[in-house]
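Visitor: The structure follows.
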Amino acid sequence: MGEFNEKKTTCGTVCLKYLLFTYNCCFWLAGLAVMAVGIWTLALKSDYISLLASGTYLATAYILVVAGAVVMVTGVLGCCATFKERRNLLRLYFILLLIIFLLEIIAGVLAYVYYQQLNTELKENLKDTMAKRYHQPGHEAVTSAVDQLQQEFHCCGSNNSQDWRDSEWIRLREARGRVVPDSCCKTVVAGCGQRDHAFNIYKVEGGFITKLETFIQEHLRVIGAVGTGIACVQVFGMIFTCCLYRSLKLEHY
């Protein structure tokens with residue numbers, strides 16, 4: 001009877017080992033995906049980040065990059081702990097899983113909270129940022145972001161082309177009589193912003209506030225979904241780890 005129980009325990013341990021190994025392979029790939037999403041958020045349209053008053057969006061992306069890197073290291077550690085049957089490594093592995101789980105939950109919550117606040121933040125800050133920082137010394141990133149937004153999303157101004165009347169740059173001599181930046185033009189040539197002509201200036205209502213809000217919200221949905229989804233999958237990893245740890249403890253005795 002004792003021999004039967006021992007074989008049963010050993011068989012269960014072997015099954016758990018292979019199950020946890022398979023999980024760790026998938027977990028490593030998931031870590032790569034999480035890190036890729038974080039890097040994608042930072043790299044793709046990174047100039048737009050300079051237009052945001054809050055650092056929440058940036059913090060969320062950095063958390064994902066860090067979490068993804070730690071996940072990949074943890075996946076390798078999990079494979080070593082599983083096949084070497086070292087309970088101390090399994091304990092460390094479980095603690096790392098728990099830390100990553102909390103990081104991804106935090107990233108998901110930050111993404112959700114910022115998603116709710118985004119519209120208010122853009123309306124309160126973007127027009128003022130555009131008026132006071134566009135083409136001003138030390139704010140080249142803002143200038144580049146605004147020009148890129150207007151050309152890519154075919155719009156002019158934060159709400160409409162009239163917003164540029166409040167621009168400090170427009171009132172300066174270096175603007176050379178422009179009423180809007182050249183990036184507002186459908187066909188961009190030097191000095192085309194000197195005439196607010198209906199046929200060559202984008203007149204889309206809603207301006208780039210609406211476009212930028214939609215763009216960032218799409219990114220936040222991806223960040224929130226990836227962070228929360230993989231965090232939920234990690235629960236299974238922690239359960240498998242606890243089961244294997246307990247099984248090794250029983251075999252030890």
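Quick reminder: no glycine exception, Cβ is built from N, Cα and C everywhere.
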Visitor: Looking at Swiss-Prot, is Ala81 on the same side of the membrane as Tyr18?
Guide: yes
Visitor: Using C-alpha atoms, which one of the recorded sites Cys11, Cys15, Cys242, Cys243 comes nearest to Asn159 (N-linked glycosylation site)?
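Guide: The smallest Cα gap between Asn159 (N-linked glycosylation site) and any of the recorded sites is with Cys242.
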Visitor: State the non-local partners of the transmembrane segment (58-78) in its own chain: residues 6+ outside its ends, Cβ under 8 Å from one of its Cβ atoms.
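Guide: Distant Cβ neighbours of the transmembrane segment (58-78) are 20, 23-25, 27-28, 30-39, 41-42, 49, 52, 89, 92-93, 96-97, 99-100, 103-104, 106-107, 110-111, 114, 220, 223, 226-227, 230, 237, 241.
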Visitor: 10 Å Cβ neighbour count around Cys243 (S-palmitoyl cysteine)?
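Guide: Cys243 (S-palmitoyl cysteine) is surrounded by 16 other Cβ atoms within 10 Å.
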Visitor: Cys11 (S-palmitoyl cysteine) to Cys243 (S-palmitoyl cysteine): how many Å between their Cα atoms?
Guide: 13
Visitor: Is Asn159 (N-linked glycosylation site) helix, strand or coil when read with DSSP?
Guide: coil
Visitor: Count the residues of the topological domain 'Cytoplasmic' (79-91) that DSSP assigns to helix (H, G, I), to strand (E, B) and to coil, and report the three numbers in that order.
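Guide: Breakdown, helix to coil: 11 helix, 0 strand, 2 coil.
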